[in-house]
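Per TrEMBL, the features are:
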type	residues	note
TRANSMEM	21-43	transmembrane segment
TRANSMEM	63-82	transmembrane segment
TRANSMEM	89-110	transmembrane segment
TRANSMEM	116-137	transmembrane segment
TRANSMEM	149-167	transmembrane segment
TRANSMEM	179-200	transmembrane segment
TRANSMEM	221-241	transmembrane segment
TRANSMEM	247-265	transmembrane segment
TRANSMEM	277-303	transmembrane segment
TRANSMEM	309-330	transmembrane segment
TRANSMEM	342-360	transmembrane segment
TRANSMEM	372-395	transmembrane segment
Amino acid sequence: MAIMMFEKYPASRWETLLSNGFRLLFLCVGAAGVILMGLWLAILKGFWYGSSIAVPLAQWHGHEMLFGLVGAAIGGFLLAAVSKWTNRLPVSGMPLAILVMCWILGRLAMLSSAQLPYGIVAAVDLLYGVLLVFIIGREIMAGGNKRNFKIVVMLGLFSVFNLLFHLGHRYGVEYSEMALRGVIMQISLMIALIGGRITPSFTRNYLVQKEPDSDKPLPMLFNRFDMFVSASLIVAAISWVLVPVNVITGGLLCLAGVAQWARISRWQGQRILAEPLLWVLHLGFVWLGAGLVLLGLSAFSLVNASAGLHAIGVGAMAGMILGVASRAALGHTQRALVAGKMMSIAFVLISITALLRVAAVLVDGVAYEHFILSAGVIWLVAFVLFCIRYVPILISPAPSWKNPR
């Protein structure tokens, strides 16, 4: 049978799009990566002043990248995964259409927030997260898969941080800043917990197939050491969210970052350099560790916090999103798990973007502007490549196996 058991064969293009949540939401990820960065570059160059946006422009940029782009990626990944966790058919049809429409309306509301009552803007923007919590929670409970209910709790926290961001518009910008710090750490923890399970697992499977007779060690799967690493991140995250500039916070963040590096040293990353769909995940963890260390140094007032924020936001989050979305889109549509040249280039470009954005804190004046704009343009190219490669896949039914471009 050509189609996976958890995705029925659609009768039309529209039914294809609504057959599984990863399709439309990964399309939203690609669109957000291009449109949101395009708007931000227009603001930076003075082509557009963002007069339709009620919140400070830097906060709008952070909010949309985190709650918008990353939020869509989280939704797409979880909706694809939950059907496997519960052995149920995927969420599809009208509930999925409503969820995606809520995401789109949230982006439009934030973009036009200066022209609308802010209470309406906040309510519309919160709809997507709340509905996603309900849908994932319902599926997990219906499937009797209670051990994954912690995912629902984390999704609920995602919406709580979004609510706190909007409350900051009325009660003080410090609440919005705390909300952004909170969601950055929450997403980092999701990468550490979920990515920290799938990355060594995928790597192990690849090495077993590639080197069946090898006596070399296999990647270490999630164990007590990983639990310690995750616990160190939780403690550091709480400290940074509450007291971002503090000696204790700095020490905890540096420890959490180094612990991530120690963790990935156990995953045999040097043996998968020929497989882009794997090394992009390993590289995401390298950036996660770097971002935590840089944030730790910023807590000591040694570097600008922007370096750590963008190491995590671009290198870890965007890198993992492109890698996981690529793998999920191929796997869930019965295509060969081969990145192809186009996405291999995109994976490299997103890390170059992160490198430029981190390095920008070391320069000032015209050089700083060049670094920022170059990073933004390279980001755009990476996401355009993602769209070119995956839009045809996401809007089409699962075909027979074939090699990608």
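Numbers run from 1 along the shown chain.
Note that Cβ sites are derived from N, Cα and C of the backbone, with glycine treated the same way.
If one looks beyond the transmembrane segment (21-43) by at least 6 residues along the same chain, the residues whose Cβ comes under 8 Å of a Cβ in the stretch are 49-50, 57, 61, 64-65, 68-69, 72-73, 75-80, 90-92, 96-97, 99-100, 103-104, 107, 111, 318, 321, 325, 328-329, 332, 373, 376-377, 379-380, 382-384, 386-387, 390-391, 394-395. For the transmembrane segment (63-82), same-chain residues at least 6 beyond its ends with a Cβ under 8 Å from one of its own Cβ atoms are 20-26, 28-29, 32-33, 36, 55, 88, 90-91, 96, 99, 103, 106-107, 110, 125, 128-129, 132, 135-136, 139-140, 143, 148, 151, 155, 158, 162, 165, 176, 180, 183-184, 187, 190, 313, 317, 321, 324-325, 328, 332.
For the transmembrane segment (116-137), the most Cβ-contacting stretch among 89-110, 179-200, 309-330, 342-360 is 89-110 (pairs under 8 Å).
In this chain, the transmembrane segment (342-360) lies close to the transmembrane segment (277-303): three or more C-beta pairs between them fall below 8 angstroms, excluding pairs fewer than 6 positions apart. Across 179-200, 277-303, 372-395, the stretch most heavily in contact with the transmembrane segment (247-265), judged by Cβ pairs under 8 Å, is 277-303. Within the chain, the transmembrane segment (309-330) has long-range Cβ neighbours (under 8 A, six or more residues past its boundaries) at 22, 26, 29, 33, 65-66, 69-70, 73, 76-77, 80, 184, 187-188, 191, 195, 198, 202, 277, 280-281, 283-288, 290-292, 294-295, 336-339, 343, 346-347, 350-351, 353-355, 357-358, 375, 379, 382, 386, 389-390, 393-394, 404.
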